[in-house]
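Reviewing the structure listed below.
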Amino acid sequence: MRKLNPNRFSSTFVTNAILIVLFVVFIIETMMGGSTNINILVRLGAMNNQLVTVGHQWWRLFTAQFLHIGWLHIASNAVMIYYMGQFMEPLLGHWRFLTVYLLSGIGGNLLSYAYVSDSVVSAGASTALFGLFGVVIALYLANRAIPAINYLGRQALALAIINLALDLFASHIDILGHLGGLISGFLLGIIFGSAHLRQYHHKLRVIAAVVAIIYVVFCLHQGIVINN
C-alpha cells in the first residue's frame, strides 16, 4: 500500500490564483451594472448558443466559466473550488490541475452548447468544479487501496450525485453543463492521472483520449445543427 506525503498538500497557488480571478471578474461585473444583468454577462463572455454559433464567438465556451450570477453563486462555487484545490492541486501538480480545471470548464459548456436552447444565457465555474469531481472519481477507481484516495473519491462521487439530483429540481441550473464537466473531468483524470498515484493502463488512456475527441466533435456538431 502506498502512502501520500502530507508535504505535497502544502502549495495551492493555482487554486488561489483561480479564486482571485473569479472574484476580480465578479467585482468587474458588479461595477459594470450588476452580476445578474444579462447584458453585462453577455458583454463579458457568458454562454449563449446563438452568439457562439451565428456570431462565431467560440471563446464563450472558455470565458463563461469565469463569470457568476449573484453573490450566492460565486460564494458556493468558490468554497468548493477552495476545498477541492487543497488536496487536488498537490496531488495532480500545479499545471496538470490548471489544465484539467480549464478543460473541464470548456467540456461542460460544450454539452450545454449541444442541447440547451439558443436563448439561454449561462455562466459559472461549476462546469470546471464538476470536472474536479470527475478527476477525483477517476483517480479513486484506480487507487481504491489508498485510504485517503478511497475516502476522497467516495466523497466526490456522493457530492456529484447529490448535486446532479438537486439540479433536476432547479429550473435555473444548467444540469447539462454540470454533467458535461463531470464527464470531461473523468476522462481527463484517466488520461492525465497523477504522478504520485497508480496510472491507468496505456491502452485505457488512449481509449479515454479517443472518447474525449469524439465527445468534443459530437457536441460541436450537435450544437451547430440545433442552433443554426
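Numbers run from 1 along the shown chain.
Note: Cβ is positioned from N, Cα and C throughout, glycine not excepted.
For 12-38 (among others), the entry in TrEMBL reads transmembrane segment.
Among the features that TrEMBL reports, domain 'Peptidase S54 rhomboid' is placed at 56-193. Note: the domain 'Peptidase S54 rhomboid' (56-193) comprises 107 helix, 2 strand, 29 coil (DSSP; helix = H, G, I, strand = E, B).
Counting same-chain residues at least six beyond the ends of the transmembrane segment (58-83), those with a Cβ under 8 angstroms from any Cβ of the stretch are 15, 18-19, 21-23, 25-26, 29, 35-36, 41, 44-48, 51-52, 102, 105-106, 108-110, 113, 122-129, 132. Under the heading transmembrane segment, TrEMBL lists 58-83 (among others).
Per TrEMBL, transmembrane segment is recorded for 95-115 (among others).
Positions annotated as transmembrane segment by TrEMBL: 121-142 (among others).
For the transmembrane segment (151-169), same-chain residues at least 6 beyond its ends with a Cβ under 8 Å from one of its own Cβ atoms are 87, 130, 132-134, 136-137, 139-141, 143-144, 175, 178-179, 182. The transmembrane segment annotation in TrEMBL covers 151-169 (among others).
Here the transmembrane segment (175-194) has long-range neighbours at 47, 91-93, 96, 99-100, 103-112, 114-116, 122, 124, 126-139, 142, 160, 163-164, 167-168, 200, 204-205, 208-209, 211-212, 215, 219, meaning same-chain residues at least 6 beyond its ends whose C-beta is under 8 angstroms from one of its own. The transmembrane segment feature in TrEMBL is assigned to 175-194 (among others).
Per TrEMBL, transmembrane segment is recorded for 206-226 (among others).
Sequence-distant contacts of the transmembrane segment (12-38), counting only residues of its own chain at least 6 positions beyond either end whose CB sits under 8 Å from a CB of the stretch, comprise 44, 66-71, 73-74, 77-78, 81-82, 85-86, 89-90, 94-95, 97-98, 101, 121, 125. Sequence-distant neighbours of the transmembrane segment (95-115) (same chain, 6+ residues past either end, Cβ-Cβ under 8 Å): 14-15, 18, 47, 49, 52, 60-62, 64-65, 85, 88-89, 122, 125-128, 130-132, 134-135, 174, 176-185, 188-189, 192, 194-195, 215-216, 218-220, 222-223, 226-227.
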